[in-house]
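Contents: one structure, followed by commentary.
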There are 2 protein chains.
Amino acid sequence: MTRVLVVDDEPQIVRTLRINLTARGYEVATALSGEEALRVAASFRPEVVILDLGLPDIDGVTVIDGLRGWTGAPIIVLSARSDSGDKVAALDAGADDYVTKPFGMDELLARLRAAVRRASAVPAGEEAVVETAAFTVDLAAKKVRRGGAEVHLTPTEWGILELLVRNRGKLVGQKQLLREVWGPAYASETHYLRVYLAQLRRKLEPHPARPAHLVTEPGMGYRFEV
Amino acid sequence: MTRVLVVDDEPQIVRTLRINLTARGYEVATALSGEEALRVAASFRPEVVILDLGLPDIDGVTVIDGLRGWTGAPIIVLSARSDSGDKVAALDAGADDYVTKPFGMDELLARLRAAVRRASAVPAGEEAVVETAAFTVDLAAKKVRRGGAEVHLTPTEWGILELLVRNRGKLVGQKQLLREVWGPAYASETHYLRVYLAQLRRKLEPHPARPAHLVTEPGMGYRFEV
DNA sequence: AGCCCGGCTGACGGAACCTTGACGCCGCTG
DNA sequence: CAGCGGCGTCAAGGTTCCGTCAGCCGGGCT
C-alpha cells in the first residue's frame, strides 16, 4: 500500500489519477492547491508525490522546496508546458522526474513504479534532521538531542513536536494539532496543548518562559521557528 | 568527478555528450554498442549511465538487465521513439528515467543532476557486522557473540534483533516489529514484544534490568543503540 | 513413546504517562 | 477599574504500559 499524493488544480485529472492509482493498489491523497498540498503532505506522509506545476496559488518550485525540506520522497512533476527551462528548474529544485501533459497513463504508472523502486531500494536514505540553536530533531530516528545529551520525549510530546517541525516556520492551528495528535474527538481540548507545550519548552528551550523556537500565536495556534 | 558512461551508436551524439559532460566536470566513458557497453561498464564502474535504446547489436532492455545484475547506478534512457510501450518496458526493466530524442542538452543535464543527487543521497554503506560494548551482531552470518562465546538465539529472537539492528539508532514502532516478525495479523500483540525483549536482554545485556542497547520507548517502540 | 526446546499465555508489581483541576499572569474590553 | 478569556505552570490521581516469572502446549528428535 504505497501512499501517493496527487496535486493538481484540475479536478478531472485528479479524479482520473485517483481512480487509476487506487485500482492499482496505491493509497491516494489529493490536493488542489500548493498550500493544501503542503498541509496534507505533513500528515499523510506520502511515499511519492505527483505534482502539477501550474498551481493557482503557489509556484511549483516553491512547493518542491517545501516538501524537500523534510522528506526525500520522490516527486514526479506534471506540466502542460514543455519548456526546457521549466524542466531544468523543477529538476534542480529537487524533483525526480518530469512528465509533460498530455501523458499516457501507462507511462506515468511506469515512471511511478520506477520512482518507488528507486526509493525503496534504498533503505533508510532519509536525512531528516532539523537543527536549531538550542537542539536538534531527527525525524527519521525520532530522536531529540540538546547539547550532546539526548532528550527523552513521551509519545504525545513527540507527536506535537513532529507535526510542528514538519511544518516549520508555518503556523499550525490548535484544532489541527489536537486532531492529528489526539484524534478528531479532541479538537477543542485546548488545555492539553498548553500543558504539553509547556513540557516541551521545559525540556528543549533554554528559557522556557521566553520560548525562541516553540512560539505561541495567541488565539490561533503554535509555530516552530528555526 | 562523477563517472558517466554514454552508450549510443551515433558517433555524433556521443561526441556532443562527451564534450558537454566533460566541460561540466564529469568523467566520461563511451560505448557504441550494447556489447561494448557491458564490457566497458565492468571496468569503468560508472556512477550514471546514459543509454540509447536503439542499439545495433543488443536490445536496449537486455542491456539494462545486464547492468542491473550488478550495479544500482541510475540509468537514463534515450530513445528516438516516443512509444509509450518502449518507455514502460525500459522503466520496468530498471531504468531510472526516459528522455526522447531530440532532447535539449540542458534538460538532459538537469535529469543527470537529479539522478546523481538521488543516488548519492544514499550512503549505500551496509555494514554486515555491528559491534557494541557488550556484544557483536553479524547480520550476514546470523550470529551473535558476547565476550568470545557465541550466543544462541531462537528464530523469533533473531528476527527482532535483526530488525532493530538494521534500523540501529532509529526507533522501530511496536506495530512494525510485530508485523515484520510475526505477520500482519499480530500487529497488536504487544505482549509478545515484552516477553522476547526481556529474553534478548537477559541473553545480551550486562544488566538486563537497565538495558544499554535494547532500549524501550514507552508507548512507541524499541530502539537499538550502539 | 518420552524428552526438550521454543513459542504462547496469564498474573502481578512497578514505572511511565495522560488527564484533570486549581491558580496566577497578562492583555483586552466594557 | 473590574471582568473575562487565553495562556502558562504545577501537582495529584488514575490509567495504561512495561518487565518479570512461571507454567502450559505443541512439534521435532532420539
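Think of each number as a place in line: the chain as shown, counted from 1.
Cβ coordinates are placed from backbone N, Cα and C, and glycine is handled just like the others.
Worth saying up front: this structure is predicted, and the values here are computed from it rather than measured.
What TrEMBL lists as domain 'Response regulatory' is B:3-116. Note on the domain 'Response regulatory' (B:3-116): mean pLDDT across this stretch is 90.
Secondary structure at B:D52 (4-aspartylphosphate), taken from DSSP and collapsed to helix, strand or coil, is strand. Annotation comment: TrEMBL describes B:D52 as 4-aspartylphosphate.
Note: the domain 'OmpR/PhoB-type' (B:127-226) comprises 38 helix, 24 strand, 38 coil (DSSP; helix = H, G, I, strand = E, B). Taken from TrEMBL, the feature domain 'OmpR/PhoB-type' applies to B:127-226.
Under the heading DNA-binding region, TrEMBL lists B:127-226.
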- Task: Can you check which residues sit near B:D52 (4-aspartylphosphate), meaning Cβ under 8 Å from its Cβ, same chain, 6 or more apart in sequence, and list them in order?
- Result: B:V7, B:D8, B:D9, B:E10, B:I13, B:G60, B:V77, B:L78, B:S79
